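For reference, the structure is listed below as structure tokens.
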Amino acid sequence: MARADAMDTITSLMSPEVFLLCLAVAAFAGVIKGMVGFAMPMILVSGLGSIVGPELALAGLILPTVMTNGWQALRQGPAAAWESVKRFRVFLLIGFVMLMTSAQLVRVMPEELMLLLIGVPITIFALTQLMGKALVLPSASLKVEAGIGAFAGFVGGFSGVWGPPTVAYLTALNTPKAEQMRVQGVIYGLGAVALVAAHVASGVFNRETAQFSAALLIPAGIGMFIGLKVQDRVDQATFRKATLAVLFIAGLNLVRRAVM
């Protein structure tokens, strides 16, 4: 009965055909997340945002993001995850404050501006990474960490996407692969939990949209399982470039929707 009620709620938000496309987007996002450790929110908000409204896309990504990042953060155990929390505590604290603040902009921000604010950073990030541009930092700096954490949190609050500045910062520090994967899981996971609280308060994440988000959990989980298996067997750099190419196209599509 509850399952039927959930489906009724979802079909009131979109057609069955659109819902199937949303499931496919979630599965694809899970595969990429499993392979490279990031990009799920970007793929979900870009992919879902191309077929449903931006607020619904933002609500939809919340639960799959919490689940997959918890999975990623705890793969090496709670102790290792806690060490990552302590090391990047400034990033997490400043990012949390900015995320909670900017999340309240969703309901008052024009849809076109929201699409631009999501699409432009995604496009720029993907293009610069594809061109091989990377910032290199000789050592960690609390000021730089606080600044990037603030930017990531601000963007993440209204878009659900805080991966690009986080990945850029970790890459600039030459963080070892295993630690970078774990740290990303911790940062994104805690950010996703904060996003739930922020958008319960903003009204974006409510009873109806939460059911849509929950429906994306299974395809996202299956996709991540596949991605983790592929990660050990296939050249990750090649798949990362393919992911960035997809994100670049998706970002351009969001910008197109905003200006047309």
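Indices start at 1 and increase along the chain as displayed.
Every residue, even glycine, has its Cβ placed from backbone N, Cα and C.
TrEMBL does not curate its annotations; it predicts them automatically.
What TrEMBL records for 18-36, 43-67, 87-106, 113-131, 151-173, 185-205, 211-230 is transmembrane segment.
Most Cβ pairs under 8 A with the transmembrane segment (43-67) among the ranges 113-131, 151-173, 211-230 are made by 211-230. For the transmembrane segment (87-106), the most Cβ-contacting stretch among 18-36, 151-173, 185-205 is 151-173 (pairs under 8 Å).
In summary, the transmembrane segment (211-230) lies against the transmembrane segment (18-36): three or more C-beta pairs, each 6 or more positions apart in sequence, are under 8 Å.
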